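Take a look at the structure set out below.
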Amino acid sequence: MKHNFGAGPGILPHEVLKQAAAAVVDFNGTGLSLLEISHRSPEFEAVLDEAVKLVKELFEVPEGYSVLFLQGGASTQFALAPYNLLPEGGKAAYLETGVWANKALKEAKFFGDVEVVATSKESNFTYIPTNYKIPEDAAYFHITSNNTIYGTQMHHFPKSPIPVVCDMSSDIFSRKVNVADFGLIYAGAQKNMGPAGVTLVIIKDDLLGKTGRKIPAMFNYQVQIEGGSMYNTPPCFAIYVSMLTLNWLKSKGGVAEIEKENDAKAKVLYQEIDRNPLFKAVAATEDRSHMNVCFVSENPEHEKPFLKLCDEKGIVGLKGHRSVGGFRASIYNALPITSVYVLIEAMQEFAEKNK
Ligand SMILES: *Cc1c(COP(=O)(O)O)cnc(C)c1O
């Protein structure tokens, strides 16, 4: 077995993979593959209902919110959020904390004015800006809870006078969140929730229908809510595997329990990075991500041999994003702490060899 530190599509629980593999051949004893049954069959409707129920239960989604499973990835939501929430001639506020946030705000410009309230671009996004004012006349305030590429994470969410829209692609279900503090949450599944091909959307119903704009059906949250995520054929397999992963999370004690594990994994890994003379963390200490741990070697010549040592130990997916370099250990929900210990051992062994 490999130790999969890849940033995304990320690691899934092994038992989920086994269940998914079995369902591809024979889904729940139906004699049919999950891939060849109607999305309107009672069998699949039960899968979708269960997935929605698990999201509501695990995230304690309050009344007045709808849960959707859509296609097009988080990148489609960059456009659908303003399409559905930004009125004609209106303004939206964005916090620019990385490339994904930047892509999101660029899409919003197709629909109205965009005010970037703060950015950490000048430092290549090594921290989350704090001193900014959220404009009260904007339709919403968009944030990215975890910046996958730079290894920064918002450990506190701002008090906002306007609805908060949050891209939670890379830390959804990794920690407790008060959904009522958000107007819209979206997340591509493939980092921490399931396989690629489905995107979770949690939307506060009463924010919809206020733009004065006509929206094509597939891009219209209201239409998707009315269709129960089945306006057209949904990504059945991706929804099924997400449902299995959410069920696995529930069986582990839910979000509060996994948050403890994630904190423990992050703690031991950052401790080693801070202790080890060969490595150094990239992100500002107070903004360090508990999902994507970015670090570099003090001596750039150590990069390749360290990756080679990792490869020998079955540690994969550790190479940092090209815009940051170095290493990125993604320690998503499904990655066991034992894999983190294997990485720590490799770092210690490498430091010993390169004294
Ligand atoms: C990966 C990622 C995206 C892009 O997701 P797609 O589903 O590929 O569109 C957006 N935002 C964040 C924070 C990400 O980590």
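Glycine too: its Cβ is placed from the backbone N, Cα and C atoms.
Taken from TrEMBL, the feature L-glutamate binding site covers Arg40. Note: Arg40 (L-glutamate binding site) has non-local neighbours Met230, i.e. same-chain residues 6+ apart with C-beta under 8 A of its own C-beta.
Look at TrEMBL and you will find Ala74, Ser75, Trp100, Thr148, Asp167, Gln190, Asn232, Thr233 tagged as pyridoxal 5'-phosphate binding site. The Cβ of Asn232 (pyridoxal 5'-phosphate binding site) lies under 8 Å from the Cβ of Met218, each of which sits 6+ residues away along the same chain.
Among the features that TrEMBL reports, domain 'Aminotransferase class V' is placed at 4-334.
For Lys191 (N6-(pyridoxal phosphate)lysine), other Cβ atoms within 10 Å of its Cβ number 28. Sequence annotations record features per position, and here TrEMBL assigns N6-(pyridoxal phosphate)lysine to Lys191.
For ligand 1, no neighbouring binding-site residues occur among Arg40, Asn232, Thr233, by Cβ distance under 6 Å. You'll find the Cα of Trp100 (pyridoxal 5'-phosphate binding site) roughly 14 Å from the Cα of Lys191 (N6-(pyridoxal phosphate)lysine). Taking the C-alpha positions, the distance from Thr148 (pyridoxal 5'-phosphate binding site) to Lys191 (N6-(pyridoxal phosphate)lysine) comes to 9 Å. Listed in sequence order, Trp100, Asp167, Ser169, Tyr186, Ala187, Gly188, Thr199 are the same-chain residues six or more apart from Ala74 (pyridoxal 5'-phosphate binding site) with CB atoms under 8 A from its CB. A straight line from the CA of Thr233 (pyridoxal 5'-phosphate binding site) to the CA of Lys191 (N6-(pyridoxal phosphate)lysine) spans 23 Å.
For the binding site of pyridoxal 5'-phosphate, formed by Ala74, Ser75, Trp100, Thr148, Asp167, Gln190, Asn232, Thr233 according to the record, the largest Cα to Cα distance is 31 Å, rounded to a whole number. Following the DSSP three-state reduction, the secondary structure of Ser75 (pyridoxal 5'-phosphate binding site) is helix.
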